[in-house]
Each structure stands twice: as C-alpha cells, then as structure tokens.
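Down below is the structure, laid out as structure tokens.
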Amino acid sequence: MKNLFLFCRAGFEKECAAEIQQRAGELNVGGFVKANNNDAYVVYQCFEDDAADTLVKQLPLDSLIFARQMFAASDLLVDLPENDRISPIVAALSDVSKAGEVRVETPDTNEAKELSAFCRKFTVPLRQHLKKSGSLLAQENPKRPIIHVCFIGPGRAYVGYSYSNNSSPHFMGIPRLKMAADAPSRSSLKLDEAFGQFVPKEEQEERIRSGMNSVDLGACPGGWTYQLVRRGMFVSAVDNGPMDEKLMETGQVKHYREDGFRFEPQRKNIYWLVCDMVEKPARVAELIEAWAINGWFKEAIFNLKLPMKSRYKEVTAILETMQTILKENGVTDFKVQCKHLYHDRDEVTVHLWLRPNTAWN
C-alpha cells in the first residue's frame with residue numbers, strides 16, 4: 001500500500017499535512033499530501049509502492065503532534081455497490097494476513113459521523129468475510145495488526161492496516177472519557193486525557209499515585225486540580241481567582257492567590273507540575289523552562305495556546321527552543337512529547353519528563 005491515512009481534528013489538516021510531509025522526508029519516504037479543509041483527515045501518498053508500510057512501522061504515532069491515528073491505506077475505494085460493499089473491501093485487503101482486529105470508522109466530522117450507525121451494522125458481516133478470507137484471525141488478538149476501514153462518505157472508503165504496537169488503542173484515535181458531574185470545568189478532561197496519552201497504563205500506578213505533591217499554575221476554578229485531587233495528590237493551586245469550594249473542602253488543596261508566573265514553591269519535592277494558562281505560548285514555555293532548570297518538578301504537563309497561522313511551525317520552534325535552553329543550562333536528561341489531544345482545541349498539550357531513567361525519591 002502506498003498511502004498513509006491520518007486522522008486529525010477538523011480544521012487542522014494543514015498542520016497535520018505539514019508535519020507528515022516533514023517527518024516522512026526524515027525517513028526518506030518521498031510523497032505528497034492530499035488534504036481538504038475540515039475533512040478531519042490527511043492522506044500522504046508515497047511515490048513508491050509499499051512505502052506506507054515503512055511509515056507505519058518506523059514513524060512512531062506518539063511522536064506526531066497533530067495525528068490521532070494512522071494506517072497504511074489502499075487507494076480510495078469509490079462507488080462501492082450498495083448490494084455488495086464487502087467484496088471490494090475484502091479484495092483490497094488481500095495482502096493483509098491474520099490481523100487481530102477490524103475497525104470500521106469515519107473521520108471526526110458531523111457529516112461523516114452520520115455514517116456511524118451504518119458502520120456499526122456493517123462491521124459484523126465484514127468481520128465474518130475477513131475471517132473467511134484469512135485476513136482476520138478467528139479470535140481477536142491485541143498483538144496482531146489492526147484492519148481499518150474508514151468511510152469518508154457513502155460508498156467511499158480507505159482500507160488498510162496499522163501495527164498494534166504503533167497505533168492508538170482507541171476507535172478513530174479518540175479516547176472515550178466521561179465528564180465527572182463534580183468537576184469544576186470541562187478543561188478537566190484535557191488533563192485526564194493527557195495522563196492517558198503520556199503515561200503508559202503499566203506505569204501509572206508508579207508515576208501518578210496518591211500522596212504525591214503537585215502544583216497547578218493558573219488553577220482557577222480547578223479543572224486540572226480536580227484530576228490531581230481525584231488521584232489522591234496534594235495540590236498547591238496557584239491563581240488570583242477563586243477555587244471550587246468542594247475541591248478546597250477535600251483538605252488536599254492549598255490555594256495561593258498569586259500570579260503563576262511569579263510563584264516559587266516552598267516545597268521542592270514536587271512530582272507533578274501542571275499548567276493551563278491563557279497566555280502566549282512562548283511565555284508559558286519560558287516559565288516551564290525556569291522550573292525545569294531549578295529542578296522544581298519531576299514531570300510536567302502544560303498547554304500551549306496556538307496562533308491563528310503557522311501553528312505547526314510555531315509549536316515546533318517553541319519545542320526546539322525549549323530543548324536547546326534546557327541543555328544549555330545543564331538539563332540534559334529529559335523527554336519531551338507533544339500532542340493535539342481530542343479535548344484540546346486551539347492548543348496543544350506538552351509533557352516534559354526530567355531524568356526519566358532515574359527513580360523519584
């Protein structure tokens with residue numbers, strides 16, 4: 001297969017396209033992008049047959065900022081007959097053998113999601129035929145490739161596969177999170193999703209645990225503080241504005257009515273630093289850099305608000321500058337990840353982990 005299909009948020013196709021063009025070039029996989037505004041997906045068409053397999057194997061999905069999910073794809077199947085959509089799809093997947101799962105999906109747009117009910121019904125007979133053809137195992141296997149069938153419109157679909165070790169575990173790359181009734185704001189879901197995105201399940205018990213000390217800069221009214229409290233942490237909530245009363249009643253939160261940019265923690269045994277302030281992204285990055293250079297935290301999650309134009313260029317420039325400044329100031333052992341999360345809008349979420357191979361005392 002020569003195409004790479006990437007899911008993204010509607011309105012961010014240009015950013016996703018610019019990113020995959022650059023990242024594919026770094027792997028010497030030549031090609032060109034096909035993208036339309038508000039389609040919520042991008043297709044990177046490789047010049048060489050089967051080159052998409054190189055990308056789904058060697059380009060880590062977690063290293064892409066704007067792609068939620070990706071899979072190697074056939075050319076677009078069009079005019080699928082209403083009386084037999086299955087046969088052309090099974091034929092297009094003839095080179096896929098013993099996959100462990102099939103997902104029938106759509107892009108994340110209102111128009112495409114009108115096909116959701118059809119996709120659910122269609123999955124059952126398609127699964128049966130794929131098992132008969134040998135493309136799909138009789139029993140689901142989380143270690144085998146995943147077959148993707150993405151309907152972009154009635155009778156029009158991209159089909160292909162991803163590898164389970166380089167793929168989102170979520171349908172369409174979207175985690176299904178529920179808004180807690182007592183959460184102070186919807187922004188709470190951003191940190192909830194970020195923990196799942198940046199901290200593997202098998203490490204969460206060690207890295208996100210009860211009793212840890214944390215700081216929330218720009219905390220009001222407490223959406224992100226809520227997620228820290230829910231996980232049993234003690235929180236220094238820094239904001240001139242008021243905090244949610246129920247959060248304060250937990251006894252786990254100390255409210256500092258201060259400017260987050262001027263706050264200096266009294267305790268230096270802070271594990272988590274979180275920050276979701278409506279500020280220029282470069283200024284927020286400088287703040288996190290200062291905390292990192294001072295060694296005031298172990299892991300940080302923070303949001304960078306995006307400009308209206310050149311969003312991919314701006315984000316990558318800020319992240320590159322951050323890494324340079326940290327290294328120039330003696331902070332050389334760290335890991336940075338960045339993702340445009342489902343619950344993000346005009347922003348991206350960054351994870352900075354200091355000394356990832358050194359245990360926290």
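Glycine is no exception: its Cβ is also placed from the backbone N, Cα and C atoms.
Annotation source Swiss-Prot lists S-adenosyl-L-methionine binding site at Ser187, Cys220, Pro221, Gly222, Gly223, Asp239, Asp259, Asp276, citing sequence analysis. For Asp259 (S-adenosyl-L-methionine binding site), the same-chain residues lying six or more positions away in sequence with a CB closer than 8 A to its CB are Asn240.
Among the features that Swiss-Prot reports, active site, proton acceptor is placed at Lys305. Taking Cβ-Cβ distances under 8 Å and a sequence gap of 6 or more within the same chain, the neighbours of Lys305 (active site, proton acceptor) are Val278, Glu279, Lys280, Pro281, Val284, Asp346, Glu347. According to its DSSP assignment, Lys305 (active site, proton acceptor) is in a strand.
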Among all the protein chains here, how many other CB atoms are within 10 A of the CB of Asp276 (S-adenosyl-L-methionine binding site)? 24
Close in space, distant in sequence - Asp239 (S-adenosyl-L-methionine binding site), Cβ under 8 Å, 6 or more apart: Leu217, Gly218, Ala219, Cys220, His255, Tyr256, Arg257, Glu258, Gly260
Recorded S-adenosyl-L-methionine binding residues, Ser187, Cys220, Pro221, Gly222, Gly223, Asp239, Asp259, Asp276 - maximal Cα separation rounded to whole Å: 20
Using DSSP, would you call Asp276 (S-adenosyl-L-methionine binding site) helix, strand or coil? coil
